[in-house]
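For reference, TrEMBL has these:
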- 1-149: domain 'Lactate/malate dehydrogenase N-terminal' (DOMAIN)
- Gly7, Ala8, Gly9, Gly10, Asn11, Val12, Gly13, Asp33, Asn102, Val125, Ser126, Asn127: NAD(+) binding site (BINDING)
- Arg89, Arg95, Asn127, Arg158: substrate binding site (BINDING)
- 154-311: domain 'Lactate/malate dehydrogenase C-terminal' (DOMAIN)
- His182: active site, proton acceptor (ACT_SITE)
Amino acid sequence: MKVTVVGAGGNVGSTVSMAVAQRDFAKEVVMVDIVQEKDGDKIYPSKGRALDQWESSPIHQFDTKLTGTVDYEDTAGSDVCVITAGVPRKPGMSRDDLLEINANIVQDVTEKLVKHSPNTIIIVVSNPLDVMAQVALETSGFDSNRVMGMAGILDTARYRSFLAEEIGVSPKDIQALLLGGHGDTMVPLPRFTTVCGMPITQFIDEDKLEEIVDRTKGGGGELVNLMGTSAWYAPGAAAAQMVEAIMLDQNRVFPCAAHLNGEYGQENLFLGVPVKLGEGGIKEIIEVDLNDEEQQLLDESADHVHSVLKEFRQLMDK
Ligand code: APR
């Protein structure tokens, strides 16, 4: 079983690679990045990070071989490919600039991956997530069960960790579901949040719950403010969990960015919804029976993703 991670010289990509290797179910993880320049010298970040991680194998006790490369031929025959390649937003760069640059990167990377692994499954992590997943789907020409985005597991994990801390229980015992786009318009569903099946409202008052929901929505920004760059530990762990579910055919139910064609009243749009993940990718999109308020929030979130997608199409038509 072979996994490729692109952008693996960076923070999220190297963390996905390490998390996959530590779970020890794959034969190899190929870590792809570009050749970079530092102080006039060429450097190979994915080769360096792969070597460093492989050197930890006797300590962490895993067999998964990690290899760094800049050559896509080394990715041939991958079962799952994770795309984390992209540029972070820099001072003076507009949102449109970022959208255009990352879309070009995701398009280029997808073409190269698909050429060498025509039967692979693609997990997109690069932002803006819902639109980058659409780029990967359209570029690959794959069926929509084989292309998905990582967002919901991360957002739900943040929400669960905040709740666990507030209530004073293990994060393992909090179950929750968040829907919608990855960002401020995500849709938390307190109705589906429980402590071992018991309604969350039994453990926390409404105001505090609302505060935690708001903190979750701004969870990415909170970390950018603390670190000056975006997060990687939880995003990397979340993507690795998706890889594992697919490769071990676990039928795990996770919120993921999935391509909707009629589900939840949406057409040709990636949006965070619960799916069943296993062999072949998304085996099923699960439709939750939403109340009017939840459906309205989801529609608003979908409108936001539509508007970024429209912006992207206009930029690409220029
Ligand atoms: N091909 C391969 N790798 C590329 C390419 C490309 N065309 N362009 C950029 N990269 C690599 C960079 O060289 C860098 O090593 O992508 C990596 C990105 O890593 P970081 O800058 O550390 O960014 P990171 O924090 O890992 O975030 C990556 O994931 O969560 C999202 O918003 C985040 O879109 C961002 C992505």
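Cβ from N, Cα, C; glycine included.
Structural mapping of features recorded in TrEMBL.
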residue	record	Cβ contacts under 8 Å, 6 or more apart
Gly7	NAD(+) binding site	Gly13, Val32, Asp33, Ile83, Thr84, Ala85, Gly86, Val109, Val125, Ser126
Gly9	NAD(+) binding site	Met31, Asp33, Ile34, Gln36, Tyr44, Pro45, Ser46, Gly48, Arg49, Gly68
Asn11	NAD(+) binding site	Thr229, Ser230, Trp232, Gly236
Asn102	NAD(+) binding site	Gly86, Val87, Ser126, Asn127, Pro128, Met132
Arg158	substrate binding site	Thr216, Gly219, Ala234
His182	active site, proton acceptor	Asn127, Pro128, Leu129, Asp130, Gly149, Ala151, Gly152, Asp155, Ala257, Gly272
| request: Please determine which of the binding-site residues listed here (Ser126, Asn127) has the lowest count of neighbouring CB atoms within 10 Å. | output: Asn127
| note | Residue counts for the domain 'Lactate/malate dehydrogenase N-terminal' (1-149) under DSSP, helix then strand then coil, are 68 helix, 32 strand, 49 coil
| task | List the recorded positions Asn11, Arg89, Ser126, Asn127, Arg158, His182 whose Cβ sits under 6 Å from any atom of ligand 1, in sequence order. | result | Asn11, Ser126, Asn127
| request: List nothing but the one residue from Gly13, Arg89 whose Cβ has the fewest other Cβ atoms within 10 Å; the candidates are the binding-site residues. | output: Arg89
| message | Mean pLDDT across the domain 'Lactate/malate dehydrogenase C-terminal' (154-311), rounded to an integer, is what? | response | 95
| field | Pairwise C-alpha maximum, in angstrom, for the residues (Gly7, Ala8, Gly9, Gly10, Asn11, Val12, Gly13, Asp33, Asn102, Val125, Ser126, Asn127) that bind NAD(+) according to the record | value | 17
